[in-house]
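What follows is a set of notes on a single structure, which appears directly below.
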């Protein structure tokens, strides 16, 4: 079923969890990388050891005194910072060993440098193996393994080198998804605007994450997403939009279900003996929903729409939307006549549209009209 609403279309620009920073990640410093010599004139042996992750010398009686860093090592550090910048610009996928973990993420080895992968930038494939397991336990298991990542941030001055496993997963798996695909998923987080869901791929792992906007959660009126979804819930979703430039996937739960109104329309509208399901009613016989008359007049100004008539009215069993919405029914057109459903609160009104447009053309015409009507 296609639908158009008086409300603005749900924004697909909601941030994915990969953009959020966990409490642990926000407190992580980056003491792993030595700066270039012209930025720090001298480093002690102990400081050098800390920077590279190697143990400091213990037997030197002059420990603590400043010693110049070996020029060859400095040259290697400089070359690796340049290489990190180049890898970021080229968008390379790198396979790096995990050295250790902390509360905010994992530390990986990049040539002579060490980098950081914050928990929110790890692939969901790890945590979805056991959704109830604490993330700190999950990251401990990654130590000693290698993961595929992309360079996310390079800041030599602040000695920050950040990697993202999620970005690497997107580059690898996004080409495998398309609009209309149906996935099993696990709810990763819930917000007032919707829920993020990890998608299970044919290999059994959860590689990508999409957003189910609040408007796509249920046919019921959803005022609080947490009334319907919670972290860890298993759900089935359908892909309704993919933004390759912004690495975003829009998902829907309700579009996998039939509109309950279309299933029960004739049941909730009792017909009189002489009343047919497609009976046309004159404006004097019906009390139109507020704002519907103006919308229908605007529709008649659209090219390809020749007539607008009103059909049956009824009350639904539940509130679908507080605002006036126009829905294009998936009932097949007859004699170029399509059925629209105007809905507000529990009220529903059939509107018959005579037009030479196809369903997509009608949807665009309705969206243009709704954009003009205050």
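Residue 1 is the first one shown; counting continues down the chain.
Backbone N, Cα and C define each Cβ position, glycine as well.
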### Where TrEMBL places region 'Disordered' among the ranges 46-65, 66-85, 86-105
46-65
#### Entry: For the domain 'S1 motif' (180-254), mean pLDDT (0 to 100)
94
### Query
What are the DSSP helix, strand and coil residue counts for the domain 'S1 motif' (91-166)?
15 helix, 36 strand, 25 coil
